[in-house]
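Novice: The active site, pros-phosphohistidine intermediate feature in Swiss-Prot is assigned to His115. Feature annotation from Swiss-Prot assigns ATP binding site to Lys9, Phe57, Arg85, Thr91, Arg102, Asn112; the stated evidence is sequence analysis.
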Amino acid sequence: MERTFVMIKPDGVRRGLVGEILARFERKGFRIAALKLMRISQELAERHYAEHREKPFFPGLVRFITSGPVVAMVLEGPGVVAEVRKMMGATHPKDALPGTIRGDFATTIDENVIHGSATLEDAQREIALFFRPEELL
């Protein structure tokens, strides 16, 4: 069964959006295979966003993602990677359609509420970064 990594970012946790976001995924029929509330360390943030290391926004991205607790999860279901991306909406809130998570809740490109794996390969890498095998149910 296909799995993807999803993270509700500090702005989503701070604004009390965790329950609503989880409910949307459950209503779609996705199974939660793992879930935890956590603070991301500087090292984990840098590893997670390694592809952006040379970009000018990298320090701000790491600073933001380590600024408060996040909810990390693994969702499972047919076509889950692509479907979660669709449910999240465009990265920039101004481009995100109403009815998508970012369209409904994101305020800026920096505080866009949620992260989801872009590909199956990214999902496998990100799941391994955030969860030990025994944490996956």
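Counting starts with 1 at the first residue shown.
Placed from the backbone N, Cα and C atoms, the Cβ positions cover glycine too.
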Novice: Count, for each of the binding-site residues Thr91, Asn112, the other C-beta atoms lying within 10 angstroms of its own C-beta, and report the residue with the smallest count.
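Specialist: Each of the binding-site residues Thr91, Asn112 was scored; lowest Cβ tally within 10 Å is Thr91.
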Novice: On the three-state reduction of DSSP, what should I expect for Arg102 (ATP binding site)?
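Specialist: Once the DSSP labels are grouped into three classes, Arg102 (ATP binding site) ends up as helix.
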Novice: Non-local Cβ contacts of Arg102 (ATP binding site) (under 8 Å, 6 or more apart, same chain)?
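Specialist: The list for Arg102 (ATP binding site) reads Met88, Gly89, Ala90, Thr91, Pro93, Ala96, Asn112, Val113, Ile114, given in order along the sequence.
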Novice: Drop a 10 Å sphere on every Cβ of the recorded positions Arg85, His115 and tell me which sphere holds the fewest other Cβ atoms.
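Specialist: It is Arg85 that, of the recorded positions Arg85, His115, has the fewest other Cβ atoms within 10 Å.
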Novice: Three states by DSSP: which one describes Asn112 (ATP binding site)?
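Specialist: DSSP call for Asn112 (ATP binding site): coil, neither helix nor strand.
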Novice: Could you give the Cα-Cα distance between Arg85 (ATP binding site) and His115 (active site, pros-phosphohistidine intermediate), in whole Å?
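Specialist: About 9 Å separate the Cα atoms of these two residues.
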Novice: For a quick check of understanding: given the listed ATP-binding residues Lys9, Phe57, Arg85, Thr91, Arg102, Asn112, what is the maximum Cα-Cα distance in angstrom, as an integer?
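Specialist: Farthest-apart Cα atoms in Lys9, Phe57, Arg85, Thr91, Arg102, Asn112 are separated by 22 Å.
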